[in-house]
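Annotation source Swiss-Prot lists transit peptide at 1-23. Summarising the annotation, Swiss-Prot assigns transmembrane segment to 124-144, 150-170, 195-217, 222-239, 251-271, 288-308, 331-351, 355-375, 386-406.
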Amino acid sequence: MGSMLLASFPGASSITTGGSCLRSKQYAKNYDASSYVTTSWYKKRKIQKEHCAAIFSKHNLKQHYKVNEGGSTSNTSKECEKKYVVNAISEQSFEYEPQTRDPESIWDSVNDALDIFYKFCRPYAMFTIVLGATFKSLVAVEKLSDLSLAFFIGWLQVVVAVICIHIFGVGLNQLCDIEIDKINKPDLPLASGKLSFRNVVIITASSLILGLGFAWIVDSWPLFWTVFISCMVASAYNVDLPLLRWKKYPVLTAINFIADVAVTRSLGFFLHMQTCVFKRPTTFPRPLIFCTAIVSIYAIVIALFKDIPDMEGDEKFGIQSLSLRLGPKRVFWICVSLLEMTYGVTILVGATSPILWSKIITVLGHAVLASVLWYHAKSVDLTSNVVLHSFYMFIWKLHTAEYFLIPLFR
C-alpha cells in the first residue's frame, strides 16, 4: 500500500517507510472498506502538488522532500496512518520584484543606435550631397516668385530621393568592401562589428525600394530615373561580378563618378523642378551646363583622391588605383592642379557674365577658393594617412562651398 500511494505522489524524491501493512489483497480490501483519507486530505495534497510545481517552474528551487510514513496494523482496527512532510528550500525570494528599466539607459541605447547609423551614412558626404541637390534645384529658379510652396515641396521630394540614393550607395559599398574597410576604415559600423551584415543588407535594400517607390508615388519620371540610374551605377562600381567592380580601374572610377554625381543627378533634379514642379518645357540653361561641368571636375578629383589614404587595403585586395600606379605624391598634385585649373576657367567664364552681381560673386568666390586650396596643399605631409584623410575632408568642404556659388552663376 505504501508503494502504491508513493507512486501516486510524483513530487517525492526520497521516502522512508516506518510501520507495516497487510499484504496487497487484504490491504486493498480493507482500504476500500475503511479509508482514513478524507476529502480535506485530498485538497491538502492537491494544494501541495500545485505549490511545488509553481516553485519548480518559476523560482528554480532546490527542493528536498522528506516523507515519513508511519502506521500500525492490527486485527481489529486494520489502520494505516501516513504522514507527509514536504520541505522546500528556495534559493530565491518568493516575492516578485518587478524589473524597471532606467529611462537614462533607454535613452543611451537610442542615442548609441543613432550614432551608429550616423557614422554608417558618412555624414560629411551626405551633407554635401543634400546641399548639392538643393542648389541644383535652385538652378531651375528664374525669378523670386518661383520660390513658392510648390518649389519647397518639390525640393523636399528631391532631398528624400537623394538621401535614399546616398544610403544605398554607402550601404552597398560597405557590404562589398567589408574586408578592405577592416584595414582602411576600421571605424565604420560594419567593419567594426557595430552593425551586422544582415542589418546593413536590410537598410540598403530598404533605401532602394523606398527611393523608387517614393519617386513613383510623386509621379516624377525624372526623379524615378535619377534614383534608378544612380543606384545601378553604384552597383556597377561596387559589386564584384564580371564586367563590374569598376573601382578596380581608375578610368572607369572617374567615369562612374561623373555619370552619377555630375550628369545624372544634375539633370534629374533640374528636370524634376523644371517639368514636374514649375510645369515648364525642357531646357538646358547656361547655369545647368556650368553646374554639370564644374561638378564633373570635383567628381574626378574626389574619385582619385579618396584612394590615396586607402592604398594599403587596395593593394592587398588587388585594386589597382591610380595612387598605387603613380604614387600618392603625383596623384595628390594632379588633383590639386585639376581644381586650380577649374577655378581659373570658372573665373574667366564668370567674367563674361552679363549680370554684374553674378560676375563679381563668381570671380571673387573662385579666386578665394583657389587661394585657400593652394595654401593648404603646400603644408600637407604626404607620408601621413591622417593628414591625407584630413585634406580629403577639406576637398569635400571646397565642394560644399562650390554649391553655394553655382546657383549665382548667370
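Quick reminder: no glycine exception, Cβ is built from N, Cα and C everywhere.
These numbers come from a predicted model, not from an experiment.
No contact links the transmembrane segment (355-375) to the transmembrane segment (288-308), because fewer than 3 Cβ pairs that are 6 or more residues apart lie under 8 A. For the transmembrane segment (288-308), the residues of the chain that approach it from at least six positions outside its boundaries are 132, 135-136, 139, 250, 253-254, 256-258, 260-263, 266-267, 270, 314, 319, 321-324, 328, 331-332, 334-335, 338-339, 342, 346, 349, 388, 391-392, 395-396, 398-399, 402, 406, 409, judged by C-beta separation under 8 angstroms. Only pairs six or more apart in sequence are counted, and the transmembrane segment (124-144) with the transmembrane segment (386-406) gives three or more Cβ pairs under 8 Å, enough to call it a contact. Same-chain residues lying 6 or more positions outside the transmembrane segment (195-217) and placing a CB less than 8 Å from one of its CB atoms are 116, 120, 157, 160-161, 164-165, 167-168, 171-172, 174-175, 178, 189, 223-224, 226-228, 231.
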